[in-house]
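Chemist: According to TrEMBL:
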- 19-89: domain 'Phosphomannose isomerase type I catalytic' (DOMAIN)
- His80, Glu98, His155: Zn(2+) binding site (BINDING)
- Arg175: active site (ACT_SITE)
- 227-293: domain 'Mannose-6-phosphate isomerase cupin' (DOMAIN)
Amino acid sequence: MRELIFLETEFKKMIWGEEQWVISANEKGDCRIKNEGWRGKTLSALWKEAPELFGNIKKEYFPLLVKVIKAREDLSIQVHPDDVYAEEHEEGSPGKNECWYILECEKDSYLIVGHNAVSRQELRQMIEEGRWMSLFRKVPIKKGDFIKIDAGTLHAIKGGITLLEIQENSDITYRVYDYGRKKDGKPRELHTQKALDVIKVPAESTETSIYRAEAICKNQEEILGENAYYKVFRIYVLDSFKMEQRFPFLIVSVVEGSGRINNMHIKKGDHFIISAGYGTSEFKGEMELICSTYPVLQKK
């Protein structure tokens with residue numbers, strides 16, 4: 001079936017800024033279809049009713065969640081569990097492996113990715129004593145950087161950063177530190193013990209977590225990150241680029257510019273799904289695309 005699937009964005013106001021759930025079948029924000037014939041149907045319902053659109057993947061739920069995160073203030077220092085821990089402790093939910101693509105940031109911006117504790121005992125001690133500046137690893141970033149945040153990685157987005165987040169379809173977060181902020185007059189809940197259970201010790205090298213492109217690769221697929229949970233690549237379209245749909249489904253996020261896909265106008269801020277079996281997509285114009293999919297066995 002040849003379909004481009006467009007969805008209504010789910011907007012989430014947060015204490016630190018805003019999240020836009022642009023492709024989501026999560027129960028906390030299930031996007032509704034815009035297309036004629038399915039208008040108003042949720043993505044989770046379409047996943048169940050028309051599995052052929054998504055390559056007949058053998059999963060109970062749509063596997064990815066794509067967000068635009070706009071941070072006016074710092075997010076909490078946090079960590080996400082892996083699938084095994086989440087299934088046991090979070091009522092069978094999947095864990096949360098994710099990745100970020102930096103859309104906008106201020107000069108000298110940085111993220112927190114990883115920690116400096118060399119043992120779990122030291123990690124616990126540093127958290128209990130509030131030695132945050134010694135614990136956290138700061139990673140300088142710029143627009144166009146790609147950062148993978150595996151489950152078990154201590155991390156935080158800082159204020160002034162806008163990014164595209166591609167993740168497992170999960171909303172489980174364990175907060176370690178929240179700057180003493182209050183919501184409705186009360187400090188937000190921390191999840192120290194669960195965080196200590198799942199944080200990787202020692203932390204992975206930050207250099208293996210970040211992909212920084214030094215040159216623009218025009219009219220080709222540039223792999224940014226790939227693992228068992230997602231595959232993400234970037235395309236800079238200049239004039240014309242053709243791509244065969246060889247994936248179970250392909251999420252396309254237009255992050256810069258404008259143009260057309262097979263005579264349909266698309267622009268910065270558009271997000272859509274190219275269905276399985278779509279055939280050839282011809283992109284025309286000048287734009288930057290971030291494409292993501294679920295990495296089942298694909299045709300070469």
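For all residues, glycine too, the Cβ spot is worked out from N, Cα and C.
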Chemist: Report the residues of the chain - excluding His80, Glu98, His155 - with C-beta within 8 Å of the mean position of the site's C-beta atoms, for the recorded Zn(2+) site, in sequence order.
Modeler: Gln78, Val79, Lys96, Asn97, Ile149, Asp150, Ala151, Thr153, Gln167, Thr173
Chemist: List the Cα distance (Å, whole number) between His80 (Zn(2+) binding site) and the residue listed as 'active site'.
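Modeler: Between the alpha carbons of His80 (Zn(2+) binding site) and the residue listed as 'active site' there are 9 Å.
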Chemist: Where Glu98 (Zn(2+) binding site) and Arg175 (active site) are concerned, what is their Cα separation in Å, rounded?
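Modeler: It is 16 Å, counting Cα to Cα.
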Chemist: Note down the number of other Cβ atoms within 10 Å of the Cβ of His80 (Zn(2+) binding site), including every protein chain shown.
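Modeler: The answer is 26 other Cβ atoms.
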Chemist: Other than its own, how many Cβ atoms are within 10 Å of the Cβ belonging to the residue listed as 'active site'?
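Modeler: There are 18 such Cβ atoms around the residue listed as 'active site'.
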